[in-house]
Ligand code: PCA
């Protein structure tokens, strides 16, 4: 049977929850072809945990998920860059600035998820989504880049990518930021899983941005 590894992150930056882990847990709890692993928001440990999970589960598809507080919609990421520039310390107190994720690695990797088909499917279900062209320069981009590097080198044929989800309403209540309920984020993730398992060639509709 096809197997799907989904990862979410532990809370970081003073938050008590991380909607990425909440949504991933909800989805994997009801789908038997999926497993969930929680990644530490720690530069020195996130990729070790991810590699161990891939070695253990040998998935056909890997989707890593993170929180993007302030974004209004679910955003499948298109590009991972070989750069860490941490705006805040990670959960171990480390704040690397201007270092590569993988020394000597290519400058960037593209996702191998059909991100446009995913966004279309999510929007058709009445949920907000758009293609993102930057996963930032913090732990999420590190995990996305590290995932694509690992799959490219050691697991050819395994598809993978990264998705950011907004704050939950509970988190957003303390700010003016937009939010999405965890069960709706989980629905969007399920559409991404199903689309990635069924669509081999992405749509060619425009999904770019002007700036
Ligand atoms: N979001 C952060 C790291 C962990 C998470 O959930 C990011 O976007 O880099």
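A Cβ is built for glycine as well, from the same backbone N, Cα and C atoms used for every other residue.
Any TrEMBL annotation is an automated prediction that lacks curation.
Now, the feature entries from TrEMBL:
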type: ACT_SITE; residues: 77; note: active site
type: ACT_SITE; residues: 140; note: active site
type: ACT_SITE; residues: 164; note: active site
Integer Cα-Cα distance in angstrom, residue 77 (active site) to residue 164 (active site): 7
Cβ atoms near residue 164 (active site) (within 10 Å, other residues, all chains): 24
DSSP-derived class (H/G/I helix, E/B strand, else coil) of residue 140 (active site): helix
DSSP three-state assignment for residue 77 (active site): strand
DSSP-derived structure type at residue 164 (active site), helix or strand or else coil: strand
Nonlocal neighbours by CB distance (under 8 Å) for residue 140 (active site), same chain, sequence gap 6 or more: 9, 64, 66, 68, 162, 164
Number of other Cβ atoms within 10 Å of the Cβ of residue 77 (active site) across all protein chains: 25
